[in-house]
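What TrEMBL records for 13-338 is domain 'RNA 3'-terminal phosphate cyclase'. Per TrEMBL, the feature ATP binding site maps to Q104. The annotation domain 'RNA 3'-terminal phosphate cyclase insert' is assigned in TrEMBL to 184-286. The active site, tele-AMP-histidine intermediate annotation in TrEMBL covers H320.
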Amino acid sequence: MDGDRVEIDGGIMEGGGQILRVSTALSCLLGLPLRVRRIRAGRSQPGLRPQHLSGLEIIRDLCDGKLNGGEIGSTEITFTPGKIKGGTHIADTKTAGSVCLLMQVAMPCVLFAASPSELHLKGGTNAEMAPQIDYTVMVFKPIVEKFNFTFNCDIKRRGYYPQGGGEVVVQMSPVKELSPINLTERGTVTKIYGRAFVAGALPIKLAKDMSAAAVRCIRREIRDLYINIQPVREPDDQAVGTGSGIIIVAETSTGCLLAGSSLGKRGKNSDKVGIEAAEMLLQNLKHGGTVDDSMQDQLIIFMALAKGVSRVKSGPITLHTQTAIHFAEQLTKAKFTVTKSEEEDPGNDTYIIECQGMGMINPNL
């Protein structure tokens, strides 16, 4: 059997959990037995963290697969997938590990299940080094649904660093195949909106300060647009622990969504949190692409699975995106090309990511 395993080097390129997410999801979808070595080799704490282990376990459960080496700190796993089935599945990081990253690994798989799925994902909803749940709902969801599927994401409870305790329930039905996407027309920014939140022991004043600082920062660049960033205090029965943060979304005339976000932490001035998110948004708007830096790499696996040619215009290609492309090409028959976008102002660093998808067909439908 081992002769047929696809060998993955988990220490190259971005060298983090993303390699594990892309390769195990594709292994599950394509029925390819997998060995991943040197997991997170370049990180300060190499090997599996609780977050990555929960992701592997949900994939294993989704397809009745066999996982060896699945323990905290492990730097090598082997995975043998079975048949993807629907139904209810629970993944719990038992830490503030991101529920959004659990969703990233499971979602492509359940699209090709035999029946509808309900995923109960537990952990951090607004975690460092991962998309916030608000980003997933406000930006990721409307864009990824252009591949011709829909999902429902219900935020039951929010959970923050360090204890987590959040829960999100994702419901989705399987599809026969994914349609390609064409996101190459940026259009003009028509509105900017968002939410600045506090939870637990923090006063609403901090949310108002974050919002006001963000608006002032955006106003310096974009003067004539109404900006609506709502300060909110999360209800105590819907949030575990103490946390704060902000997400700001720009919507364009062609329906593109680009965002900037930031999280508060002890000792960090709330104005600074607002300004960080605003600057990230402005940076994402500056390059003229149709998706922001956080969305870029999340689209790769769907582009690889879709039937036909997908095209996305983006800013500079992130290392996460290069890594996702590398492993998607290694495991599927999809072919990616990245070219500098010509029609732009030469000062703009804009690229077209094009993919001839493999045209995955759901064998169960």
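Each residue, glycine too, has its Cβ placed from N, Cα and C.
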Within the same chain, the residues at least 6 apart in sequence whose Cβ is under 8 angstroms from that of H320 (active site, tele-AMP-histidine intermediate) are E14, Q18, Q296, D297
Checked against DSSP, the composition of the domain 'RNA 3'-terminal phosphate cyclase insert' (184-286) is 36 helix, 37 strand, 30 coil
